[in-house]
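K.L.:
The structure follows.
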Amino acid sequence: MRRDSNLKNDLLVRTLLGEQTERTPVWMMRQAGRYLPEYIQLREKYSFFERCKTPELACEITLQPVDIVGVDAAILFSDILVVPEAMGMEVQLIEKLGPLLPQPIKTTQDLNRICVPDVHDRLHYVFDAIKLIKKELNGRVPLIGFAGAPWTLLCYMVQGKGSKTFDEAKGFCYQQPELAHQLLQMITDTTIAYLKGQIAAGADVVQVFDSWGGLLSKKDFEIFSLQYIRQIVAAVNDEVPVIIFAKGAWSSLPEMAAAGAHGLGIDWCIEPQMARQLAGNNVALQGNFDPAKLLSPIPVIEKEVKQMLQAFGPGKHIANLGHGILPNIPVEHAKAFVNTVKEYCFQ
Ligand SMILES: Cc1c2[nH]c(c1CCC(=O)O)Cc1[nH]c(c(CCC(=O)O)c1C)Cc1[nH]c(c(CCC(=O)O)c1C)Cc1[nH]c(c(C)c1CCC(=O)O)C2
C-alpha cells in the first residue's frame, strides 16, 4: 500500500485502512460544483470540458471546497464521462439537460467505432491535473481520484443521455448480452489503466461511482456490474484504498465488501446499523446524509448530522452525503454539515 508521508491530515486514509483516528473524516460527493459561487464564476468563462481539460482550472476547482468548506479530502474535478470520450464517443454537456452522447452504442458496428485507448495519450490532462493538485495541496488533505463503474458508463453510452430508468440501456443488456459484456469489458480495461494512471500521478484514494447500480436486481447487479467492479478493485486495491459507491445497491453490500474494497458508500435509504450488518466489520462505511436535507435550517442540519454520527458510531465511518450535493444548497449549510462532523465528540 502506498502512503503519502507528507499528508498533514490523513484521517480519510487511516479510516479506510481500519486505523483509529481522533475523529470521523468528512467530505461531500460532488463537493466541487455549482453550489459554490466561485465555481459558477469559472463556469461562465469556460466550457465544461475546458474546465476538465485545463489542469490549472481543474486544480483551482478541486481546491475550492477544501479552502471554502474545509473538507478532509479533495476530489479531482473531472467527470465520469471523460472515459467514454477517450474511448472515441462524442460527449456533450448541455445546460439543464445534462450529458448528451449523440451517437449511442446500439449495434456491433457502433461498438467497432470505439476502442480501449492508450490512457496516457487520451487522458493525460487528468494525470497532469492530479500532479498539479498534489503540488498545490502540499499535503493539506488527501486527493481522491475516481472513475465511473462500467455499468453506469454503459447506461450513458447506450442510452445517450440521462434517464430515470435507463430502460434502453437495460433493454440492450437483456436483448444483446454478448455485446453488452464486450462493451463492459472494454470499459473495465480502460478504467483499470485510467485509475492506475491516476494513482501513479498521485491520487491517494480512488472511488468508483456506480450511480445507477440500484436500477438492477441483485442478480443482474452481479452480472452487469459487480463482476466488472471486482476486476477494477482487484487491480488497484494493493496500491491505494478503494471506495465503491453503488447507489441503491445496498443488498449487494456483502459482495462489495468481499470484493476487497476498503470503503463502501451508502445512500440514505439504508440505516447505518443495517449497512454495517450487511458489510461486516472489515470495511469503512461512507455516507449517508440525504443531500436534500441540507436545505433544512442549520440547527436541524446540526441535530441530524449528530444523529447520523451516533448511528454509525466511532471509527470505520467517513461522513458524507448519500449522493452528490445539490446545486441549490447554501454554502453556509454545507459548512454546517462539515463543521458539525469536525466538532462532534463521542461520549
Ligand atoms: C452520474 C455521474 C456523472 N458525473 C459523475 C457521476 C457520478 C456521481 C453522481 O451520481 O452524481 C461524477 C462527477 N461529476 C463531477 C465530479 C467532480 C468532482 C466532485 O465530486 O466534486 C464528479 C465526481 C463534476 C460535474 N459533472 C457535471 C457537472 C455540472 C456541469 C457544470 O457545472 O457545468 C459537474 C460539476 C455534469 C454531469 N455529469 C454527469 C451528469 C449526470 C451531469 C449533469 C447533471 C449534474 O450536474 O449532476 C454524469
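Positions of Cβ are set from backbone N, Cα and C atoms, glycine also.
Model, not experiment: these values are computed from the prediction.
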K.L.:
With ARG30, GLN31, ALA32, GLY33, ARG34, PHE49, TYR156, SER211, HIS323 listed by TrEMBL as substrate-binding, which of these, ASP79, ASP110, ASP118, ASP121, is given for the same site?
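P.N.:
Among ASP79, ASP110, ASP118, ASP121, only ASP79 appears alongside ARG30, GLN31, ALA32, GLY33, ARG34, PHE49, TYR156, SER211, HIS323 as substrate-binding in TrEMBL.
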K.L.:
Counting by DSSP, what is the helix, strand and coil composition of the domain 'Uroporphyrinogen decarboxylase (URO-D)' (25-34)?
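P.N.:
Counts, helix then strand then coil: 0 helix, 1 strand, 9 coil.
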K.L.:
Using all protein chains in view, find how many other C-beta atoms are within 10 Å of the C-beta of ARG30 (substrate binding site).
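P.N.:
By my count, 17.
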